[in-house]
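Below is one structure, written out as structure tokens; comments come after it.
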Amino acid sequence: MSQLVECVPNFSEGNNQEVIDAISRAISQTPGCVLLDVDAGPSTNRTVYTFVGQPECVVEGALHAARTASQLIDMSKHKGEHPRMGALDVCPFIPVRGVSMEECVLCAKAFGQRLAEELNVPVYLYGEAAQTPSRQTLPAIRAGEYEALPEKLKQAEWVPDFGPSSFVPSWGATVTGARKFLIAFNINLLSTKEQAHRIALNLREQGRGKDQPGRLKKVQGIGWYLEEKNLAQVSTNLLDFEVTALHTVFEEARREAQELNLPVVGSQLVGLVPLKALLDAAAFYCDKEKLFVLEEEHRIRLVVNRLGLDSLAPFDPKERIIEYLVPDSGPEQSLLDTSLRGFVREVGARSAAPGGGSVAAAVAALGAALASMVGQMTYGRRQFDHLDSTMRRLIPPFHAASAQLTSLVDADARAFAACLEAIKLPKNTPEERDRRACALQEGLRQAVAVPLKLAETVSQLWPALQELAHCGNLSCLSDLQVAAKALETGVFGAYFNVLINLKDMTDDVFKEKTHHRISSLLQEAKTQAALVLGSLEARKE
């Protein structure tokens with residue numbers, strides 16, 4: 001899995017297109033950096049850039065952007081709706097893939113130190129990189145904004161983490177750090193700025209102060225007026241969308257607005273958003289409205305509609321969801337990106353991978369997909385109206401399992417590659433032999449874990465498949481028969497892939513426990529597949 005860090009620098013310029021473009025070029029021309037999004041706000045006079053790359057690359061990209069900004073932005077002349085204290089106001093580093101939070105903290109520290117040394121400006125650390133509890137949140141550091149800096153920098157409490165304690169009028173100060181994925185989410189209101197701010201105070205965790213906290217944890221908020229759209233916004237930052245979800249903020253803001261008799265007219269996502277945040281919202285609305293929506297594309301479309309994400313500008317998921325913009329290509333091409341003909345050709349080639357493990361995963365995925373198909377060929381037809389609620393319950397497990405099992409096609413090939421890499425390690429000294437042995441054992445654990453997961457996933461499907469066999473559309477009888485044998489065959493393949501990798505493992509307790517588990521899963525698959533086939537034969541008669 002390739003390492004990927006996201007960097008989201010916020011520069012205090014949202015009107016001068018030449019400056020905005022110059023900073024964009026500085027980032028995109030940095031080797032290893034991919035500029036994903038540039039979101040300029042005229043009223044806020046601020047532009048949010050989003051780019052990704054490996055850790056060392058994003059640090060360089062942020063520095064290149066800062067150098068450019070230092071020549072083009074003069075904070076002494078800056079005015080805008082958004083709180084700010086510097087030309088490069090804030091520059092967070094966020095783990096996206098294959099990177100720990102600790103590694104992002106190192107990115108922030110390296111960037112902060114180099115920025116301070118090169119430009120001779122004050123730099124503060126916040127979030128996970130904060131050196132003191134009082135500097136963990138951005139609003140705490142930014143209190144008083146740019147205008148308060150001359151006096152603030154004289155206070156011992158606010159000595160910068162890097163750089164001088166002197167005021168630099170053209171620059172101000174910069175805050176950098178590491179954090180989880182922050183979602184900038186604004187709810188649109190036909191109201192005054194003051195009414196929007198009143199709602200923000202009720203919602204944000206900080207509330208109106210220590211004695212009057214707000215309702216939503218890990219949420220920052222402010223109300224402002226968006227002149228270019230002629231409406232107000234409750235502007236929020238979701239610091240952890242798994243603590244307070246996107247839809248929770250929207251629904252709570254709408255409830256507050258209703259109490260004030262104010263219309264909510266959609267919302268706006270600034271920058272990029274993780275796929276999970278939208279899928280969580282889709283799950284909420286599907287549950288709330290008792291909707292049956294399976295496909296990821298449709299679930300995202302539902303969320304765009306319910307939140308009104310396209311109310312101010314078109315919302316293109318391919319350009320706004322980070323996983324869609326930066327797929328995990330890794331060093332090898334995904335088997336899932338090849339055609340069926342190409343996959344079969346690769347299996348038949350003179351190479352050990354893809355092998356039986358990948359084929360078992362593909363067969364099981366097809367079995368789950370067939371069961372999903374039978375459910376959908378039953379659902380929504382007038383003669384099966386009485387089965388509507390049953391199909392709504394039975395189809396989703398097969399739909400989800402087919403995606404999970406499909407991902408194991410690649411996972412098995414990667415696990416095999418990890419074992420091969422371990423075998424190739426040098427073994428000339430005792431230390432090298434120990435390192436090689438540890439790497440090989442870890443590789444074997446991965447090679448066991450993938451087929452075991454396959455068998456466990458299929459195990460969860462048997463009850464639903466039994467029920468589907470009793471009531472599914474009989475026109476699809478042969479499809480269900482193939483589904484049952486495909487799922488059984490997938491577990492059959494998983495069983496032998498587990499066994500062949502277990503034999504070289506040294507942990508006897510793990511070997512015995514795993515052998516017992518995979519054996520029971522294989523026996524279950526044989527029994528359950530036979531029962532499904534028997535039920536189908538009985539219905540045919």
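Glycine too: its Cβ is placed from the backbone N, Cα and C atoms.
Annotation comment: Swiss-Prot describes 1-181 as region 'Formiminotransferase N-subdomain'.
With a cut-off of 8 Å between CB atoms and residues at least 6 apart in sequence, the same chain places Gly41, Thr44, Asn45, Arg46, Trp224 near His82 (active site, for formimidoyltransferase activity), listed in sequence order. Annotation comment: Swiss-Prot describes His82 as active site, for formimidoyltransferase activity, evidence class similarity to another entry.
As annotated by Swiss-Prot, folate binding site applies to Gly163, Pro164, Ser165, Ser166, Phe167, Val168, Pro169, Ser170, Trp171, Gly172. Sequence-distant neighbours of Phe167 (folate binding site) (same chain, six or more apart, CB under 8 Å from its CB) are Leu149, Pro150, Leu153, listed in sequence order.
Residues of the region 'Formiminotransferase C-subdomain' (182-326) grouped by DSSP class, helix first, strand second and coil last, total 60 helix, 32 strand, 53 coil. Sequence annotations record features per position, and here Swiss-Prot assigns region 'Formiminotransferase C-subdomain' to 182-326 based on similarity to another entry.
Residues or ranges marked as region 'Linker' in Swiss-Prot: 327-334.
Annotation source Swiss-Prot lists region 'Cyclodeaminase/cyclohydrolase' at 335-541, citing similarity to another entry.
Other Cβ atoms within 10 Å of the Cβ of Asp412 (active site, for cyclodeaminase activity), summed over all protein chains shown, number 31. Secondary structure at Asp412 (active site, for cyclodeaminase activity), taken from DSSP and collapsed to helix, strand or coil, is helix. Annotation comment: Swiss-Prot describes Asp412 as active site, for cyclodeaminase activity.
What Swiss-Prot lists as phosphoserine is Ser520, and the listing cites similarity to another entry. Counting only same-chain residues six or more apart in sequence, none has a Cβ lying under 8 angstroms from the Cβ of Ser520 (phosphoserine).
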Integer Å distance between the CA atoms belonging to Asp412 (active site, for cyclodeaminase activity) and Trp171 (folate binding site): 52
Fewest other C-beta atoms within 10 angstroms, as judged across Pro169, Trp171, which are the binding-site residues: Pro169
Integer Cα-Cα distance in angstrom, Ser165 (folate binding site) to Asp412 (active site, for cyclodeaminase activity): 55
In the chain carrying Gly163 (folate binding site), residues 6 or more apart in sequence that have Cβ under 8 angstroms from it: Leu115, Ala116, Glu117, Asn120, Val121, Pro122, Val123
Within the predicted model, mean pLDDT of the region 'Cyclodeaminase/cyclohydrolase' (335-541): 91
Separation of alpha carbons, Pro169 (folate binding site) and Asp412 (active site, for cyclodeaminase activity) (Å): 57
